[in-house]
Amino acid sequence: MRSSKKSNRKSNRENMKQSHIQPNHVQKPQDNRRSKSGDSQRPQASSLDALAQERKLQQRRVNGKRPAGGDSRQAGKQAGGKQQDEVRGEPHQAGQQPGSKRQEQAGLRGKAGGGRPAGAGSGRNAGQRGGKAAKAASLPQSVKKRPAAHTPRPSVSESAEELVPGDVIVVTIKRLGINGEGVGYYRRKAVFIDGALTDEVVKAEVTGQQPKFIKAQLLEVEKRSPYRIEPPCPVFGICGGCQIQHMSYEGQLQAKTDIVREAFHRYAGLQDVKLKPILGMEHPWDYRNKAQLQVKRRGNEVIAGLYQAESHEIVDITGCPIQNSKVNEAVEKVKAVLQELNIPFYKDNGSKDGVRTIVVRNGFQSGEVQVTLVTAGSRLPRQEELVSMLRLSIPGISGIAMNINPKKTSLIFGDRTIKLWGADTLKESLGDLEFSLSPRAFFQLNPQQTVKLYESVRAAAGLTGKETVIDAYCGTGTIGLWLAPYAKEVRGIEVIPEAIEDAKQNAARNQRDNVSFHTGEAEVLLPRWVKAGLSPDVIVADPPRTGLDPRFLDTVLRTRPKKFIYVSCNPATLAKDCKVLLDGGYSLEWVQPVDMFPQTSHVECVILMEWRGEPK
């Protein structure tokens, strides 16, 4: 579930069964001559990886933006999704590629993560509104602003194979996909439509087609979901950080439960998986403790935000509803100081120096605020004035740092961090565990839900104080440290040396004497320990979005711990890995979904598997 989870392996949607839909009408352009040059179809995808890559390029198109109401806070969302079955890191700040958990722990990349409220905003159900105004409000921003590319002719029925970009089809949405997009069917082909919700009948324009699916853009909602609401964020559907902010929170939790159930049905072949009620939030807003925003000048104004999907344009973000209010306030203060001092920005007037990114982190328990300016060079003009003004303007600020990243890269952080003022680290806690976080250190983005997640892991482990626990993919050791008071011994394994150093410091700080952390691959170290006489009772794995390494799965099946606990941020890869373990002799006891990032399509899961001793 960690934000630094790698997103390098892509998988795709498998063929879906045809379902009954509302009228499958097509509106064709008046000009019957179809120019191939006008087609926006993507290249053929001959494999899961290729198709997933193409789906990624189509991700986060619009999500049906409508005027904000009620909540005047602006928000740039973080935590973008990927297309069905695709890999993930923590929900990343929109306009940023999701970073690897391990990369961030190593300081190679900052993750933004981003998200929002549900059932907030105007508080009115969009389904209660009618007429032209309601129809216009339901359209994506890009649709409302652009001129029509075609003049539709009377609708006709056609096979899916005859569709071309620009055709308008009417589709009934059967469910939400793993990235929050509406999924319906047209002539035995899946249709993916950003912004459409389950049970809605929508009119959409075809934008591309592959052998197994069609991609279309929402034009009009003809029949609305009872869960559709007005999103409070004015840049929802543009920044891409939130995918389902236009859905009530009740609807979001139901949709995420359905996504998990569908994944286990499709990829593990399980019809009656035991799903526990999803663990949601009482207040699904203001939960993110960290923001990473790109900066630039627009005229005389300093803006900070996220890259719009599939572009190099920065979407200005002010007061993101899913960010903690202290983070939002600090970001605005930093922007004001940068503008007043006329601090140069990276690429301003061709400059290869200057500030690239603002990173602000808030300790929910400590109340401390940490500010890091990522720069392209080691020189920061008017540094003393800048530090002095930040200290005076930001309540609770405990440290100011500069990270140097001179490379032309999408990674946020460089290798070198310099303290400009104050403490080297920010203090934070989870339960009774205390942490000191350097600017590049990994930490969960939603502390409140993290406690619920870790408690689910502890409940699954059922520790009595006599067990040996392996914490695979341990990162900075938070899960292992959480379980340590209830176990005989805990050993954590992680491939990133910097993360292991953080884990060791965390263990010492919290006086967890029965925990040790080791650098290496679990599939290498674990067999070595078993050969030396270790017999683990419980193995916990919290891998990146790509899922478990096949070698690690084989190691688990050979080691045969009584309990295997899998923490996952990708239901598709979770279900696929679960199938391997089911076939190898394990039984699936239960699945616990956890909503770590409300307003986004992401859903975390904890599953408990027990050894039954009878491989299939």
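Keep in mind that glycine also has a Cβ here, set from the backbone N, Cα and C atoms.
According to TrEMBL, the residue from Glu494, Glu521, Glu523 that belongs to the S-adenosyl-L-methionine site alongside Gln444, Tyr473, Asp542 is Glu494. Between the CA atoms of Tyr473 (S-adenosyl-L-methionine binding site) and Cys569 (active site) there is a gap of 13 Å.
Reported as a whole number, the C-alpha separation between Asp542 (S-adenosyl-L-methionine binding site) and Cys569 (active site) equals 9 Å. Each of the binding-site residues Glu494, Asp542 was scored by the number of other CB atoms within 10 A of its CB, and the lowest score belongs to Asp542.
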